[in-house]
Every structure is written in C-alpha cells, then in structure tokens.
Amino acid sequence: MRAGDETETSIMRPQYPGDDIRPTSKKELAGWYSYGWAAEVFTVCAMGSFLPITLEQMARDRGVLLSDKVTPCSATLNGPSKTSTQAQWTLSSRYYAGGPTVVSQCVVYIFGVEINTASFAMYTFSVSVFIQAILIISMSGAADHGSHRKLLLVAFAVIGSVSTMLFLGVVPKIYMVGAVIAIIANTCFGASFVLLNSFLPLLVRHHPSVLRGAREPPPALDGSRAQEGHSDTTNDIDHGVESNATSPLLHAHQGNSENAEADMHPATPITVSQELKLSTRISSFGIGIGYIGAIILQIVCILVVIATNQTTFSLRLVLFLIGLWWFIFTIPAALWLRSRPGPPFTTTHQGKHTRSWIGYMAYAWKSLYRTAVRTRHLKDILLFLAAWLLLSDGIATVSGTAVLFAKTQLNMQPAALGLINVIAMVAGVLGAFSWGSVSRVFNLSASQTIIACILLFELVPLYGLLGFIPAVKSLGFLGLQQPWEMFPLGIVYGLVMGGLSSYCRSFFGELIPPGNEAAFYALYAITDKGSSIFGPAIVGIITDRYGEIRPAFVFLAILIFLPLPLMLLVDVERGKRDALALAAELQPSGAQTYGTLPANEDRAPPSEL
C-alpha cells in the first residue's frame, strides 16, 4: 500500500469488521462509470429499439393475419433469414381499409391463446419486470450485508450480456426461446443496475472532497466556504477519470485520527448540500457516459442493419453486438470497483442458515417488509417514492405512446422512428451534462431542478392536445399533425430524461439511511419498474374506447402533473436527518453508527417502528 493510502485510511475508523474505509479513488470512479457505459446500451439500443422489433418480427414470421386468421404474415415463412424488415412492412401495408396506411395486425397462438404479435414483446417485458422485482428483492440482503455486492453485479452483467448475445442463434421457428432470453437479459440488467445504484452513496460518502470539507473549519455565514467546497467537488469530478486512475483522489492530510469519526459527517446543512451536489454530479456524469456509449453503438447498429440488407438476421446480429459491448466494458468495472462490504448481520440475525443464500433471501424479504414499514416513518422518502412512481410511469408511457402514435397516425417509417431515438439520446447526453449548469445559473436546489424537468416534460402531452383545437387543426400542422413535429418533441423528451435520470437517482440516495442502500434502491427500482404496467394499460383502454391515441394525451398530462405537488413537499435536509437518526436507532447497542446525527441533540428519534 502506498504511504498516501495508509495516511488516508487512518482518517476514519472501521465501523464493522471488513468495513472498507479507503477514500474513493479515481480508478474506482472510473469502474463505476465503466459499467454505465457498458450496460446503458441494453436499455437504450436493445429495449428501446431492436429487441421489441426483433421479438415482434419473429412472432410475425410465425403468425397469421388477424383479419382472416389464415393468411401467413410472412411470405417467406421457411426462409426467415431472407425475410426483409422492409418487405414485411410493405407486405403488411397492403391490408388496410382507407385512410393512412396502417400495418396489418398479426396474431400467434401460444398454448392455444391468441396473442397479437405487437403485444408479444410487451407481454415479454411485463413478465421480465415481474421476475426482476422478485430477484431484486431476494438479492438485496446479500448486497447490503457481507461482500457480495460486487460479485452479484458482475454475475448479473455476465449472464445478461451472454443472454443478449445468444439472440444470434434464435430463429423465428423458436421465437419463444427469444422471449425467454429477453426475460433473462432484462431481468439481469435491472438487477445489476440496482446494485450499481447502491454503490453511489458509498462512493459519495468516502469521496475525498467530502472528507476534506468535513475536516475544514465551519463555513462562514456568507456561504464562502460552501462555494469553495463546491468548486473542489466540481474539479474532482470533472478531472477524476482523466487523471492518474491508480492514485487516490485525495492526497495525504495531517490530522488527529481520534477526532476523525466525529468530523467525518458533521450534520450541517452545508455538508448535506455538498454531498448532494457531489452525488448529483457523479450520477449525471454516469448517465451522460452511458448515453454517449448508447449513441455510438446505436449508430453502429443502424449501419450494420443497412449493410446486411435489413433482414431478420440483421436484427439478431445487432443484439449480439449489444451483448458483446455490454460484456467487454463490464470487465473494467469488475477490475476497478471495490467490493465495499456492507455491515454483517447483527447477532439477532445470526443463525445456522444466515450466511447461506437461502438465509440471505429470507432475510431480504423480511427486510423489504421492515423497509416498507420504516419508509412510512420517513416522510420525505415516502413523498419522493410516490412522486417517482407516477413520474416513472409517465416516462415509460409517453415513450411507448409516442412511438405508437407516430406509427399509426403520422404514418412514420421505422427509419424515421430510429432517427428520433438517436436525437432523443443526444438530447439526453446534453441534458445529463447541462442540468447541473442550469441549476447553478438559476440557483436551483436538486428538488427544484427535478420540478423544472417535470414542468418541461408536461409540454409533451399538452402539445399533443393542441391538435384538438379547431383553429390549430385547420392549420394542418402544430399539435402533432405532421411527422416532423416528433423530432423537436424527441429533443424535449431527451433533455428531460437526462435530467431526471441523474437527479432523481442521486436525490433519493441522500434520503437513504446509511447501511441500507441496496434495500432502499431495491424499493426505488420496484417503484420504477413496477409502475410501468399501469400507464400503458390505461392508454390501451382509452385507445380502444375512442379508436385513436390522441385522447390519451389527456391522461398523460394528468399523470405527469401529479408528481409536481409531491416533489414540492420533499425536504432533503429533513429527510437526511431522519435517515441518520433511523440508521442510529437500528444499530445494536454499542455499535458504531454510520455518520453523526444532527447537531440538535435534543431532537427526538423518528416515530416508533
């Protein structure tokens, strides 16, 4: 160990056996960013573009027309490798009755049940989300306790990436195998990202800029020290990856180690604000890196599809490339991320089967119940999760509704829809990197920045509703009457996604009781993924009722607006104090706590659990 590292580790004392108290290094941050670069391509390029198309196309190759339930949807059923996506579009477009060209509906029979091929991918996604939720809950105990956090992250990454690569061998005759592989891949992706998110509060808590700020004199009343600390944080994040990745972020400091523990987390609003800003910047940088990787691979995949004549094999080939990208760039994360073991089970949980995987799973489900009970007494986490439930549902529903609207009512071709996806991703990168500057220019807090994103997001359904106004409708454009209007809305959607993805994740991390990261991020992920089934279902009902999608914009406008009053009620300072108090209360008698409680020693602990 380097001399500098030895000095650094003396600043803090281990709080439990195996506690990794080393300051966050540049190499460790690079490993965290690397996994975002590796895995974000799956959700953007696979789930957002090629995976649904591949599943639908393979089911279509084995399906029949809904209109007569006899005519095969594919004219080259026995030669799936020669089935051109463009040819399928042309063939299917022959069957429509007046008005704009609409792709004909095809059905397949699975265990005797008639299923629309367009719904096949959606059902596959729903099943994967259900399994994903169970898996996330079950593995949270092993992630929070012991040294399994990194092991699980790497394991899920390998299984998910290899599963995605296996699409290369899936042909339409075994399209159900493709559905199973998609379920495995999406489940592993979601679980791995929950584990990645659980590293974020730990990286922030041990970040040198936080430790440095904790050792310096209290801030002046004019906030000059807070501004200086913020500047240091900015410098560390902006140059952390570019500098020598093998060295610690912070060089050695002199200090009295006996008083270090009391100094590590001084409970002042300035420290809380500094950690939140740092968490937001790391999260934003990670999201931005992930989007950049997704854009690069998306362009490569589009070129591959064109070069291979847009066949069904082309779609399977790009899924292989997505899985290969995911696998290769997981390697730096596996090498550079530290395990950061969590606290061991307390004596009340230690038994013969405690350390077995069954014991971890049983403990995890009990912990979920306890987490839900504790959340009821953490007002700000409860408010935020309620807002996030609605907001994430709105994000997922707007994305799917917009694509469906563009296809069926604006008659946009697949290439144009792919271009919208690229534009949205570019805007997402800009959003991830620019919202921090916007918040500084306008002096916005993290919650206020999230609120600004919600207000901007609200413009999307409101713009679609303009099409109901007779004066606008008579113009023939505006209010989503022309295909080109989807492109600026894609920019708005991307900017909003870049901001919400980074700010919401880091904002929630500041409200989590230390030592319970994986459990609470599991709740965060379940709230995120579990909500996505409701919005699309309601949009489907509205569409069936009125015969078109545009009336669903009313529902979307309401859905996006509802999180706004909830976010206005969230107080991050109060939430941080409650989280630290709860963490201290949950520790067994005489154990070290994860940080220092607020200076107000007379403050009562949270309500009885």
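Positions of Cβ are set from backbone N, Cα and C atoms, glycine also.
Taken from Swiss-Prot as is:
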type	residues	note
COMPBIAS	225-238	compositional bias 'Basic and acidic residues'
CARBOHYD	Asn244	N-linked glycosylation site
CARBOHYD	Asn309	N-linked glycosylation site
CARBOHYD	Asn443	N-linked glycosylation site
REGION	214-238	region 'Disordered'
TRANSMEM	95-115	transmembrane segment
TRANSMEM	117-137	transmembrane segment
TRANSMEM	151-171	transmembrane segment
TRANSMEM	176-196	transmembrane segment
TRANSMEM	287-307	transmembrane segment
TRANSMEM	317-337	transmembrane segment
TRANSMEM	381-401	transmembrane segment
TRANSMEM	415-435	transmembrane segment
TRANSMEM	450-470	transmembrane segment
TRANSMEM	487-509	transmembrane segment
TRANSMEM	522-542	transmembrane segment
TRANSMEM	552-572	transmembrane segment
Close approaches to the transmembrane segment (450-470) from elsewhere in its chain (Cβ under 8 angstroms; 6 or more beyond its ends): 391, 394-395, 398, 402, 405, 435, 438, 444, 478-481, 485, 489, 492-493, 495-496, 499-500, 503-504, 507, 550, 553-554, 556-557, 560-561, 563-564, 567-568
Cβ contacts under 8 Å made by the transmembrane segment (381-401) with residues that lie 6+ beyond its boundaries: 48, 375, 454, 457, 460-461, 493, 497, 500, 504, 507-508, 511-512, 520, 523-524, 527-529, 531-532, 534-536, 538-539, 549, 552, 556, 559-560, 562-563, 566-567, 569-570, 575, 579
Of Asn309, Asn443 (the glycosylation sites), the residue whose Cβ has the fewest other Cβ atoms within 10 Å: Asn443
Segment-segment contact (the transmembrane segment (117-137); the transmembrane segment (487-509)) at 3 or more Cβ pairs under 8 Å: no
Cβ contacts under 8 Å made by the transmembrane segment (487-509) with residues that lie 6+ beyond its boundaries: 197, 200-201, 204, 276, 279-280, 282-284, 286-288, 291, 381, 384, 388, 391, 395, 398-399, 402, 419-421, 423-435, 446-447, 449-450, 452-453, 456-457, 459-460, 463, 480, 517, 520-521, 524, 572
Distance, Asn443 (N-linked glycosylation site) to Asn309 (N-linked glycosylation site) (CA atoms, angstrom): 51
For Asn309 (N-linked glycosylation site), the three-state class that DSSP assigns: coil
